[in-house]
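Trainee: My questions will all concern the structure given below.
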């Protein structure tokens, strides 16, 4: 899998950055907007109080109220301005919250004490202090502990003040005690519902923040994955080929999921283009075979990577593109993908630089190696064929001729054809190359060749800047491979997949070293990617991520849809722009929805207690509350039936309905409307049923007057608690946080209209028992006073004020909660969508990487831990196979009919792709494709063993050989099928050998997995010296195959280049299909 970086907010990773980000999130998304909402609502309340004061006549009688109201307005106006200064708001947020609370409490107590001596009542400003308690939890930016503390102080202070004042002016009575107890129940209900509301909001806020961060992280990972994907693909393929292949992979993944199989098309996609006027360079290291035999696995990988890394640097400097590495052979092309008029000069210059580099190595280390270079100019077909292990390659007769030029070249010289010479424009001096004398093909085709004279050879050599050549005892004690490795490490070639190892970006983040050299005092094995904080690119990554997070957090503000246009919501953020998403949101399940019903039931209990304590105990009261209790009991039974079923194993329809409360929106909405409607109704239903028979006042009889006053007061005292009950009914609507805004608005509006109508048309107001009339009745002389009582004790006015105040507060709060819920749903959807895209990118990266490296090798370069060491592995027993289609060289022609060879390559692509499809079969899961070389297919078995298990038992080692034979037979069968459909008569020539090999990854610009060793060379010779339609093996391999039940036919002694005479055998393919039983 692609590297999983340590991102800004990892799970379980805490830090000041995370705390600051969460603080910014809370400030922007909740604390700021909610506090601003409270300030606006409270300011509106102050304005309403000022209007009420002026409407009562002489304002001088209400100086305390007016003074406090104007003072609070001024404070709130200043706070509203400070809300837009983020630095001050963040620093003084808690202080501002305390100041706001203190202003509200002070205003409340001014209302309590204003004209207190005129009429003392236990219900003084209970609704207003209930408002303070509720907003402490819902609108003020306190923590849960802080809110509980402030709410408790608000509650206790009111109870203590009212209790002491009531005892100071009147004789303590049971009636006053019951009223104070009812006040305590009301405040307790406000605190509990407020705490429930805050807990729900904190959970929702934390979830929204988590999903927001995850979504941003996924976006960031997605960008990194895309960059890694591009770099990974570009490390194997040129840009003009990679884009089409990448799109094809993504399309395949979308259509077929994660299945690693291609669609069943009649033809496989061909990514090949024709280019004219290019130069092809082949270079072979003479003497490297002897050097490799002396190298340890790591030394071999280091030497190859440093040499070819140096060649890659030379290629880049000379505008050449490396095509492929074949053992110790390196070939590249100039003029791809963009045509260059200097392509021939580029290749010649590169060839001379390569010879010079090898000369420096030879002089510095004393190792007898040299470079043989062949160049030809012409036309090529370039691209990728097959399905697995993509490698950019070139094909044409001109490519084959360039290969011949290298084979017929002279060590240390650049061998060119006449076609290349014509493109040099006399930039270099040349001499006759006599290539026809060294290669029969050149002689047959009458190709005249030349050797380029290096201009540097005619200049005096500069003072040596390289390591001194070891002499004497030092040379005897140090192996050639060691001298070679130590010297080449000073070149500092980049390691394979260095661009994938950086945990945050595709850049390796390494400090640039001039001339590609690394200081010798810093051993390469200890180099590590610098910390991201030290890298300018890392800092820019941090900055961009911070900006993205801050931008996302700004979008979470509940004031944003009101102030600016949103891409996701209509104005005021109550409806999604996308209709399908709106429906999905409304149908989405709501976890823990049953807890809302439990909280609403608690409010019902509190309303019931208030009525039982203070209201006349009539039959209507019992019936109404009994019916609502039955309704709520049924609702709770439906909601918590699954909880109760744990005690009772029987599960029936009730449990089924209970499980659907959180998942079925219609059922949930029905139950919520029924619950809220019941509470709103039962809070007021008994008011019109109260017996309001006002007694007649006796004239001139003070005792009768006081008795009538007492009876009237007894009738009027429940009225303020009906107001409180109605307010608690309003609050019950707000505990259903995830309920849609529209039903809440409808319920609150209908309830408000009904309450205002019932209160204002109630017969209790005909005596004005709680306003001016009560003040008059309390006069000790029995006469009525002309001075009106304080308007803050006028229940009719204040009831309307409190109901409208709570209506506005709950309406704005519900709108913000609805917006939060929609944001939560929106970010979850975005997270899900982007997570799917991220998984697609991961799968694409995996497929790409597995098309470059075997899966067990890919794990070395990617993962949670950085691994910058060389990858190299030695194996004791690996079976290597070369399978070629020699007839394809004859079949391949370049003419107008086959589009200059393109159609011939299309057939080769079908052959290689069909071969690749066999690798998907479980039977051949142990077979690893290494590469294709023209029409030759190279594979190996036994490379996937885990590290430390290379020396496994012989039986399992030998099983790989049988698998490879079966794979070779399957290749022959596939080729027969292609012959039947294409009307050709291609035959496969296969060579197999087994033995020790060294595997490794070399090349930084184009990392390539390869295997080396005598086993590989002999397997290649087995193929090149074999016969069509047969599998040739060595004598050692034959012995093992016979032990597995295969029949082999002795071919005899044959001459193998570099090995002398070897006895070889042909595997009897007719019987192999039936006798390969030892594999199981």
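Cβ atoms here come from the backbone N, Cα and C positions, even for glycine.
Pulled these features from Swiss-Prot for this protein:
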BINDING   284, 328  Mg(2+) 1 binding site
COMPBIAS  515-529  compositional bias 'Basic residues'
DOMAIN    879-1023  domain 'Guanylate cyclase 2'
TOPO_DOM  1-33  topological domain 'Cytoplasmic'
TOPO_DOM  197-594  topological domain 'Cytoplasmic'
TOPO_DOM  815-1080  topological domain 'Cytoplasmic'
TRANSMEM  34-54  transmembrane segment
TRANSMEM  63-83  transmembrane segment
TRANSMEM  95-117  transmembrane segment
TRANSMEM  122-142  transmembrane segment
TRANSMEM  147-167  transmembrane segment
TRANSMEM  176-196  transmembrane segment
TRANSMEM  595-615  transmembrane segment
TRANSMEM  620-640  transmembrane segment
TRANSMEM  669-688  transmembrane segment
TRANSMEM  718-737  transmembrane segment
TRANSMEM  746-773  transmembrane segment
TRANSMEM  794-814  transmembrane segment
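Are these features on the surface or tucked inside, and what are their neighbours?
Mentor: In sequence order, 284, 285, 288, 289, 292, 304 are the residues near residue 328 (Mg(2+) 1 binding site), counting only same-chain partners six or more apart with C-beta under 8 A.
Listed as Cβ neighbours of the transmembrane segment (63-83) (distance under 8 Å, sequence separation of 6 or more from its ends, same chain) are residues 32, 35-36, 39-40, 42-43, 46-47, 49-50, 53, 89, 92, 96, 99-100, 103-104, 106-107, 110-111, 113-114, 792.
Using a Cβ-Cβ cut-off under 8 Å and counting only residues 6 or more beyond its ends in the same chain, the transmembrane segment (95-117) has close neighbours at 35, 38-39, 42, 46, 49, 61-62, 64-65, 68-69, 71-72, 75-76, 79, 82, 89, 124-125, 128-129, 131-132, 135-136, 140-142, 150, 154, 157-158, 161-162, 165, 169, 789-790, 792-793.
Residues 98, 101, 105, 108-109, 112, 116, 120, 122, 124-126, 129, 132-133, 136-137, 140, 176, 180, 183-184, 187-188, 190-191, 194-195, 198 of the same chain, all 6+ positions outside the transmembrane segment (147-167), place their C-beta atoms under 8 angstroms from a C-beta of that stretch.
Residues 122-123, 126, 129-130, 133-134, 136-138, 144, 147-148, 151-152, 154-155, 158-159, 162-163, 166-167, 170, 595, 599, 602-603, 606, 609-610, 613-614, 717, 721, 724, 728, 731-732, 734-735 of the same chain, all 6+ positions outside the transmembrane segment (176-196), place their C-beta atoms under 8 angstroms from a C-beta of that stretch.
For the transmembrane segment (595-615), same-chain residues at least 6 beyond its ends with a Cβ under 8 Å from one of its own Cβ atoms are 178-179, 181-182, 185-186, 188-189, 192-193, 196, 200, 621, 625, 628-629, 632, 635-636, 639-640, 671-672, 675-676, 678-679, 682-683, 686, 717-718, 721, 724-725, 728-729, 731-732, 735-739.
Only residues 6 or more beyond the boundaries of the transmembrane segment (669-688), in the same chain, are considered here, and those with a CB under 8 A from a CB of the stretch are 596-597, 600-601, 603-604, 607, 611, 615, 618, 620-621, 624-625, 628, 631-632, 635, 638-639, 661, 719, 722, 725-726, 728-730, 732-733, 736, 739-740, 743, 747, 751, 754-755, 758-759, 762.
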Trainee: Using DSSP, tally how many residues of the domain 'Guanylate cyclase 2' (879-1023) sit in helix, strand and coil.
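Mentor: Computed counts for the domain 'Guanylate cyclase 2' (879-1023) are 64 helix, 38 strand, 43 coil.
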Trainee: Checking distant contacts: for the transmembrane segment (718-737), what same-chain residues at least six beyond its ends satisfy Cβ-Cβ under 8 A?
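Mentor: That would be 121, 123, 126-127, 130-131, 134, 138, 182, 186, 189-190, 193, 196-197, 200-201, 204, 596, 599-600, 603-604, 606-607, 610-611, 614-616, 672, 675-676, 679-680, 682-684, 686-687, 690, 744, 747-748, 751, 755, 759, 762, 764, 770, 795, 798-799, 802-803, 806-807, 810, 813-814, 817, 821.
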Trainee: DSSP secondary structure for residue 284 (Mg(2+) 1 binding site), reduced to helix/strand/coil, please.
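Mentor: Residue 284 (Mg(2+) 1 binding site) sits in a strand per DSSP.
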Trainee: Short question: which residues 6 or more past the ends of the transmembrane segment (620-640) have a Cβ under 8 Å from it?
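Mentor: Distant Cβ neighbours of the transmembrane segment (620-640) are 593-594, 597-598, 600-601, 604, 608, 611, 654, 657-658, 661, 671, 674-675, 678-679, 681-682, 685-686, 689.
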Trainee: What is the Cβ neighbour count of residue 284 (Mg(2+) 1 binding site) at a 10 Å cut-off, with all protein chains included?
Mentor: 21
Trainee: Could you tell me which three-state DSSP class residue 328 (Mg(2+) 1 binding site) falls into?
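Mentor: In the DSSP reduction, residue 328 (Mg(2+) 1 binding site) maps to coil.
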Trainee: Across the domain 'Guanylate cyclase 2' (879-1023), what does the pLDDT come to on average, as a whole number?
Mentor: 88
